[in-house]
Amino acid sequence: MVFRIASSPYTHNQRQTSRIMLLVLLAAVPGIAAQLWFFGWGTLVQILLASVSALLAEALVLKLRKQSVAATLKDNSALLTGLLLAVSIPPLAPWWMVVLGTVFAVIIAKQLYGGLGQNPFNPAMIGYVVLLISFPVQMTSWLPPHEIAVNIPGFIDAIQVIFSGHTASGGDMNTLRLGIDGISQATPLDTFKTSVRAGHSVEQIMQYPIYSGILAGAGWQWVNLAWLAGGVWLLWQKAIRWHIPLSFLVTLTLCATLGWLFSPETLAAPQIHLLSGATMLGAFFILTDPVTASTTNRGRLIFGALAGLLVWLIRSFGGYPDGVAFAVLLANITVPLIDYYTRPRVYGHRKG
């Protein structure tokens with residue numbers, strides 16, 4: 001009897017790329033819901049614009065490359081890229097910004113390298129950074145959370161602001177950004193950095209309405225906890241591994257704690273770092289991208305720790321208030337080096 005030895009792999013599972021991407025999309029529902037609750041309908045409009053733009057851009061490039069459009073679009077990677085970019089930008093940013101960022105992310109940051117699996121950088125973060133550098137004012141014009149906002153735009157107003165820049169009653173972004181204290185609001189991280197540079201004490205800064213939350217910034221703490229809930233669900237579904245989120249959050253916490261202990265008058269407390277900005281979104285949904293992250297367990301720990309350190313450095317000493325996108329891209333650069341030095345030893349191989 002002749003036995004045939006099949007080629008590897010010898011273990012199989014049902015985790016196709018499309019299913020993993022779908023799980024990530026489903027896990028994003030709590031975070032999206034929280035952003036809708038605290039920042040209004042603009043987030044939903046941005047998601048729809050980004051999704052359509054991502055699918056059309058991907059289809060166009062695939063058509064030009066004479067590849068199967070339907071089969072590739074079914075992997076859901078274009079949708080995920082659009083979603084991650086849409087939830088990262090201000091909810092009432094002009095419509096052309098999310099379209100431009102999404103098209104750039106899909107065509108330049110993904111398809112130009114050969115498509116899914118070939119891109120060295122996270123496409124959504126490339127699109128975000130391009131927008132942030134090109135249009136810094138619009139990209140930092142976040143609305144105050146509803147609990148401290150004076151003017152809360154409805155669904156129709158959100159659409160009108162996104163497409164025309166004004167509400168039906170003639171209000172603009174300057175009006176919508178007013179908080180209950182009559183001052184234009186920014187994110188907790190942006191407010192802290194700007195106020196410290198203006199010479200305000202931390203005690204004064206913590207009295208601002210934006211810090212009226214139980215743990216950190218108003219609204220933002222719940223948004224981050226919602227993204228955390230989605231991330232925990234991804235871990236439970238085994239769609240991502242624990243190494244990157246854990247090392248990222250532990251490193252960020254340690255750096256923020258040490259910095260705050262040594263310089264409490266100039267550096268933010270650890271809970272502000274953990275529950276403000278894109279911390280949890282980055283930890284569970286962006287850094288864990290299987291294409292652009294490290295592929296070994298030790299490498300994942302190093303990769304996550306490096307990103308956590310970079311986020312704290314950029315937030316504390318850099319020119320941008322958040323820093324997650326820049327940290328992700330800088331960490332992406334190091335992945336080949338990290339993977340090279342953390343390769344597991346081949347079974348049976350002895351050290352020379």
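All positions are counted from 1 along the displayed chain.
From the backbone N, Cα and C atoms, a Cβ is placed for every residue, glycine too.
Annotation source Swiss-Prot lists FMN phosphoryl threonine at THR187. Among the features that Swiss-Prot reports, transmembrane segment is placed at 20-40, 42-62, 78-109, 123-143, 148-168, 214-234, 242-262, 267-287, 301-321, 322-342, with the record citing sequence analysis.
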- Note on the structure: Cβ density check for THR187 (FMN phosphoryl threonine), other Cβ within 10 Å (all protein chains) comes to 22
- Long-range neighbours of the transmembrane segment (322-342), counting only residues six or more past its ends (CB under 8 A): 88, 120-122, 125-126, 128-129, 132, 187, 189-190, 277-279, 281-282, 286-287, 292-296, 298-299, 302-303, 306-308, 310-311, 313-315
- Query: When you check the transmembrane segment (123-143) against the transmembrane segment (78-109), do you get at least 3 Cβ pairs under 8 Å, counting only pairs 6 or more apart in sequence?
  - Reply: yes
- Recorded stretch, among 78-109, 148-168, 214-234, 301-321, maximising Cβ pairs under 8 Å relative to the transmembrane segment (267-287): 214-234
- Query: Hey, does DSSP put the residue listed as 'FMN phosphoryl threonine' in a helix, a strand, or just coil?
  - Reply: coil
- Message: Using Cβ atoms and a strict cutoff of less than 8 Å, what residues sit near the transmembrane segment (78-109) while being 6 or more residues removed from its termini?
- Response: 21, 24-25, 28, 31-32, 35, 39-43, 45-47, 49-55, 57-58, 60-61, 119, 121-128, 130-131, 135, 138-143, 153, 158, 161-163, 165, 173, 176, 278, 281, 285-286, 325
